[in-house]
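So that you can see what the record holds, here are the features copied from Swiss-Prot:
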- H138, H142: divalent metal cation binding site (BINDING)
- E139: active site (ACT_SITE)
Amino acid sequence: MSTAAPQENSPELKLSPSSKLNGFEWWRRTLSYQTGLGLNAEEKAQYEFDYNNRNLAEKCQQCNEYRNWMLEYSPSVLFMMDHIKKLTKDKEPILTKENITCDVCDFTKGGGFHPDEGILLCANWIRNKWQLEDILTHELVHVYDYLKFNLDMNNLRHHACTEIRASMLSGECRIWQEIKKTGLGNFGKKFQDCIKRRAVLSVSSNPICKSPEEAEKVVSTVWNSCFNDTRPFERVYR
């Protein structure tokens, strides 16, 4: 169970020289990336690769600080942690700060959850505190579903349902974020389209899924029941 990062990087890319990773030149590249001005596809891919592979120790430290802040102050994270604690009852807690781990990832994911290992937050894919909040909330929904519904990731319907719920409840598909990515067109369906897109992408990566077409079919099959299930929240509020 994992949260997809924005883009895949070419395996042929290598880290740029240090002169391009610091100071004015890095500021200039960042501005070009953010505005899209004077940036071709190759330069965009190189910037993303450099961003995700520079200052890794610093990014892990920052990720830990963000995680600690969220575990102390984030309404959505605290709410999910409380409901997960209720499901574990008197058993050994499934989650603590010690097994919500920040690390460098060599795959294009923002995070992941494994029942035996806890939650992984990919420090080199996390750009700011609020993205970490979305990713952590997403993974906490997976933890909740695992405890509440006996989630089986070898069942594609289970996988599709928890991905629909996690993208819906985490805030990753906020309307304003989708407008920034895709413009104002098809405004009324942006939220649903984002959730479906992310769910299909995740299910497609499941080893037992045969094709993207199968992933789309499974997501469509469970859509109505899972999209309308906001537990443990009363409604979608992020």
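For all residues, glycine too, the Cβ spot is worked out from N, Cα and C.
Remember, predicted model here, so these are calculated numbers, not experimental data.
Projection of Swiss-Prot feature records onto the structure.
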{"residue": "H138", "record": "divalent metal cation binding site", "Cβ within 10 Å": "31"}
{"residue": "E139", "record": "active site", "Cβ within 10 Å": "26"}
{"residue": "H142", "record": "divalent metal cation binding site", "Cβ within 10 Å": "26"}
